[in-house]
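The transmembrane segment annotation in TrEMBL covers A:33-54, A:99-125, A:137-155, A:161-179, A:214-243, A:263-286. The domain 'ABC transmembrane type-1' annotation in TrEMBL covers A:97-286.
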């Protein structure tokens, strides 16, 4: 009965053409690792956003009578224990996650904006402009950026906006290269020629015809950039250059936890696990998206 | 070939110059100076000190002086370690950093490539999934998380290896830092190697080699390996940059007396010359490495050579 129903459903659905995106979604959801990652990531975001409401503690409440409480701590409601100042690690891990995720997403958007605009312009105009613009990217590409970012943080203090800008400024280079390559391939296609023939301006062609067709590649790249950015932010925070106390991020928490890990391993293990699981999910989704959107496999 | 070398070299010089300019002026834009102490110094002593280190000159003059020295290989005196020149500090740390860095590089290359080849040969089977899951884990866990976890496991719990420090620089001292530094690179290299190996194994000339009846071993080692290694080769530049950046953290965590540990501390203490020294030294190293990899790529890949 069930089989027949499914067969009927498939037969009914078969003649309907599938769009590129429906096709990609179907293939993405068929990828179990990616699907599981999406589920875990959604749960993670829900936990990070809503979780702190279910704890009686705040992320900056200091309790010197309750330092280094080991989990599981049900009576004090410290689900993940407390740190060296008696602050609740459950709430701190989740609040730190908010900062880490926010930095990841905002900085990726910064690099997305710069990278797509730059790459599409270089690719579309081609020739000498392209050569010049990409030579600039080559020169910047070879810079050991981590050193400059560390200097930047030392110079201008630990400002959250600065972290976005600094990290975004590194990552747009890759984006620009990818977008340029795609644009070069796209700009000689018929629909672009048709648009040009009917007198559409260059800026409008780039915005209306080139960029929408780049979305697939860009989306894959964005999913793979977010974990990289989170990694860089946590790297900075680990060095003590990221977000400022009492605010925190996963990198900062790992840094604190690593200092006293023989006495209080939970202070390291919880934030480290959250960080690793999140990065893991983003990487899997990115890989899954790339496979799903790859025309070679279709 | 010579043309390619000149072209690459021509873009390496502005990169290095840009790095120097950015690092120099960013450092100088920082509030505070190298002589800030708990008690502020009497103004006349401060003035004498600044005069001695040429800090009273206009900035462009200081920059010109610095570049002039750097070109001749003199990176100036350190402010923080007043008995040492930056050259001495870097030379002191170099053997240690080099051992750890090269160790990590060699380990990453061998293990990463081997794992990638195994995964490619067992495409879509258990060992493939196992290697790729491990690689994804390696990519998702940052160096500074792996390092404390390794210490927790091998030093604190099992007590097999020292938790840090640098006694004689032997294998026992090197094991944990080298592994921690190499793991993320192993993961990336394994994924790269697997991808390119699968592509090569699907190509026509491999089918020809197989059809001729060559042993699998010969097909892989003689025919598939060399072209499959090309993407790995081109990743060596970024890999070396990653290892050098990672060493800043690793040397701090394990208390290794190398070059990387100076960097953050020097930047916080406004030790202008030491910061610049590390940036110049590592920057040159990374740019030089990228240059060499590009050249090697040209030598090995006939398509690039022909251009």
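Quick reminder: no glycine exception, Cβ is built from N, Cα and C everywhere.
Of the recorded ranges A:99-125, A:137-155, A:263-286, the transmembrane segment (A:33-54) has the largest number of C-beta contacts under 8 angstroms with A:263-286. When Cβ-Cβ distances below 8 Å are used as the criterion, the transmembrane segment (A:99-125) is approached by residues 45, 48, 133-134, 137, 160, 163-165, 167-184, 186-187, 202, 205-206, 210-211, 214, 218, 222, 225-227, 229-230, 233-234, 243, 247-251, 275, 278 of the same chain, each at least six residues removed from its ends. Listed by sequence, the residues of this chain that lie at least six past the ends of the transmembrane segment (A:214-243) yet keep a Cβ under 8 A from its Cβ atoms are 20, 24, 99-101, 103-105, 107-108, 111-112, 116, 120, 146, 149-150, 153-154, 158, 160, 163, 167-168, 170-171, 174-175, 178-179, 182-183, 186, 249-252, 254-255, 275, 278-279, 282-283, 285-286, 289-290, 293.
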